[in-house]
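Here the structure is laid out as structure tokens; the discussion comes afterwards.
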Amino acid sequence: MKRRTDPECTAPLKKQKRIGELARHLSSTSDDEPLSSVSHAAKASTTSLSGSDSETEGKQPCSDGFKDAFKADSLVEGTSSRYSMYNSVSQKLMAKMGFREGEGLGKYSQGRKDIVETSNQKGRRGLGLTLQGFDQELNVDWRDEPEPNACEQVSWFPECTTEIPDSREMSDWMVVGKRKMVIEDETEFCGEELLHSMLKCKSVFDILDGEEMRRARTRANPYEMIRGVFFLNRAAMKMANMDFVFDRMFTNPLDSSGKPLLKESDIDLLYFADVCAGPGGFSEYVLWRRKWHAKGFGMTLKGPNDFKLEDFYSASSELFEPYYGEGGVDGDGDITRPENINAFRNFVLDNTDRKGVHFVMADGGFSVEGQENLQEILSKQLLLCQFLMALSVVRTGGHFVCKTFDLFTPFSVGLIYLLYCCFERVCLFKPVTSRPANSERYVVCKGLKVGIDDVREYLFSVNIQLNQLRNTDSDVNLVVPLSVIKGDHEFNDYMIRSNESYCSLQIKALAKIHAFVQDTTLSEPRQAEIRKECLQLWEIPDRARVAPSPSDPKFKFFELIKDTDINIFSYKPTLLTAKTLEKIRPVLEYRCMVSGSEQKFLLGLGKSQIYTWDGRQSDRWVKLDLKTELPRDTLLCVEIVHELKGEGKAQRKISAIHILDVLVLNGSDVREQHFNQRIQLAEKFVKAVSKPSRPDMNPIRVKEVYRLEEMEKIFVRLEMKLIKGSGGTPKLSYTGRDDRHFVPTGVYIVRTVTEPWTMAFSKGWKKKFFYNKKTGESFFTLPPESIAPFHTCYYTRLFWEWGDGFHMRDSQKPQDPDKLSKEDVLSFIQSHNPLGP
């Protein structure tokens, strides 16, 4: 066998020459190295390669450059090289071509030494396009911004110590002058240098593509990932953010002693108004937080930015009633029209017992594309009208939150001053959910004072003036004299500090976005972490936004009643006869209601998806053929009653839902509560879902409930009326609280305590008390174990049937001997009533 060192195994001369040339290329170190050194390296390499492969033979040294070039293993495996990130194949290929770190390829190392830079092409810009003016330095150090933090601080204006201005004092406050369309000289409430710097930073983005700016903004804002979570939009999370920061003063207002003003067990609703706030994110949050214990009224401009109630996935939009001013649901919703302001005010007061709402939210804004620096001036009337609406519908002690923009002009600051006078406390606040690069901030007002009517009427007159001056060269430039504003030094100082603070914040945020546009590798590393912290702090579940899936009524019914015996729902009431009359001997335990038709169970799956069932297992749930809406997960015991209004040819008939009892209200199971409490909750629920602005919808009412010992009150409401289609024969009719009447079919009698408890009257204490027949215990307060839950009330109820044989008046047909008369029942009740006649 031939050895590798034999002459026959050596490379041919041609191959040796080729290797020599390769050695010359690989050994070259720089473009400036003399040719003699290259030749010397080539000679040494050739000599070495033309001899033996043995490491010990000849001891002829190779050129260092050539040797390094072919140390593929060290190049591939060395971790110290900045090229170690590349795989071994690419490194070997480069090594074979003679690559050495820090030098270029080529005979004289004339190749480029640095890696080819990534493309600086931005978005869809033309190849090589540079935006003149944008790429210049802003000379703003944005890197010293504070660390992102979920905890926020609130700085309130000092409490206003001056009296609320009256109409006489404000009579000459309004100043009309030449319309002003520049902002650069508005330096009364902000330093000139800061103002101009901010305007410059804003203007830089005028030439930038919007999509490019949005991408950079998304990467630059540490709070960007909060987004809308499972709500309709980001606005909902702004409200959640502010609600937490201000100690839930919107969704859980407190009284003067610091206790909750409203409890879920109370009969009072939390009323709110949402103006200029389509598509309704603020309202969706409030209704999600308070569920059916809140009722909202809304007015916004009709059109593409109207309320999107069908997109309220996390809350029941049935609890919200849009009203568009003059014309109601057919109005235009323009808040600058005085007629709309008055109409909305009257509507809200009529439906809140003339008290007004607990708080108003306003989030108005419109596109100012191309005129971003003039946003404050262009939005001045909108801002005024939102403030005016709040003073028109907020109840005494109520709250107000409204979006504002820059507040540099004396006009805007004057409006803030009027709020400062009308509310107990006021502050300007920018939540972390509001992007730092925009001029958006919120004025938050707490505790409306008494005696603000003159201010409201003054703002109303200013709005009329603004409407008259529209499309002219004149404008209202002042609503409060500068001397008055600056005369209140604490207010003036706060205003300047606030403006300059937000101005500095905005400048840094704009500079940061500018840097992120120029360097697309920059990003905020803590976005996900900050999002998690904020959601936990604000008590918002971290779940995706998903549209509610359609439900099968039977499946939903079993889901709501849980493990309750289905047979309970098929029980029929015990008829009240002479034989069963003894059951109502403990009269203090019973309540009664007038019936108008057959009892049914009604299931609400959201909107108009409403089904009824008569309680028999053999029957199915049937879609209700009425125009009404109910929140999902609602289960009621009802009657569908034909109500009548008027008599004769003008008589009108409408089908109404009458609630006898409630089981589940918008997911809240109330079956274990006392019957009286369930009826109170039913009345509260009906207030929340009623739509006074929609006369085309079938009404929902709660039965009037009477104490059994006061049953004679029912008969006061009974009279003979002519019913259209009855052949001219008067029929017995029961007139309800709303002046509508119906033909009664009988009276339901419901027991409110459960065995072995009963109710009695203490003559010594002159009080009712609860008595346990087994243990002999007695209490003046209601023992929880004595409460009759829904299923007990349902299967123990009695029904006093009135038919054609029922005798109440002499004008009616003769009495049926098998039926109890009015005198029979009333005399029995009176004889067993411990309270006396």
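The chain as shown is numbered from 1 upward.
Every residue gets a Cβ built from N, Cα and C, even glycine.
If you draw a 10 Å sphere around the CB of K238 (active site), it holds 24 other CB atoms from the protein chains shown. In the three-state DSSP reading, K238 (active site) counts as helix. Swiss-Prot lists K238 (among others) with the feature active site, giving similarity to another entry as the kind of evidence.
A coil conformation is recorded for D363 (active site) in the three-state DSSP classification, outside any helix or strand. Over all protein chains present, the Cβ of D363 (active site) has 22 other Cβ atoms lying within 10 Å. For D363 (among others), the entry in Swiss-Prot reads active site.
Taken from Swiss-Prot, the feature active site, proton acceptor covers K403, and the record attributes it to sequence analysis. Listed in sequence order, A362, D363, G364, G365, E440, R441, Y442 are the same-chain residues six or more apart from K403 (active site, proton acceptor) with CB atoms under 8 A from its CB.
Residues annotated as compositional bias 'Polar residues' in Swiss-Prot: 36-53.
Annotation comment: Swiss-Prot describes 86-132 as domain 'G-patch'.
Per Swiss-Prot, the feature domain 'RrmJ-type SAM-dependent 2'-O-MTase' maps to 230-449; the stated evidence is sequence analysis.
Annotation comment: Swiss-Prot describes S27 (among others) as phosphoserine, evidence class similarity to another entry.
Positions annotated as phosphoserine by Swiss-Prot: S30 (among others).
Taken from Swiss-Prot, the feature phosphoserine covers S52 (among others).
Residues annotated as phosphoserine in Swiss-Prot, with similarity to another entry given as evidence: S90 (among others). Listed in sequence order, the residues of the same chain lying 6 or more apart from S90 (phosphoserine) and placing their CB within less than 8 Å of its CB: none are present. According to DSSP, S90 (phosphoserine) is assigned to a helical segment.
Sequence annotations record features per position, and here Swiss-Prot assigns region 'Disordered' to 1-67.
As annotated by Swiss-Prot, region 'Interaction with POLR2A' applies to 726-834, with the evidence given as similarity to another entry.
Confidence over the region 'Interaction with POLR2A' (726-834), given as mean pLDDT on the 0 to 100 scale, stands at 88. DSSP assigns K403 (active site, proton acceptor) to a strand segment in the three-state reduction.
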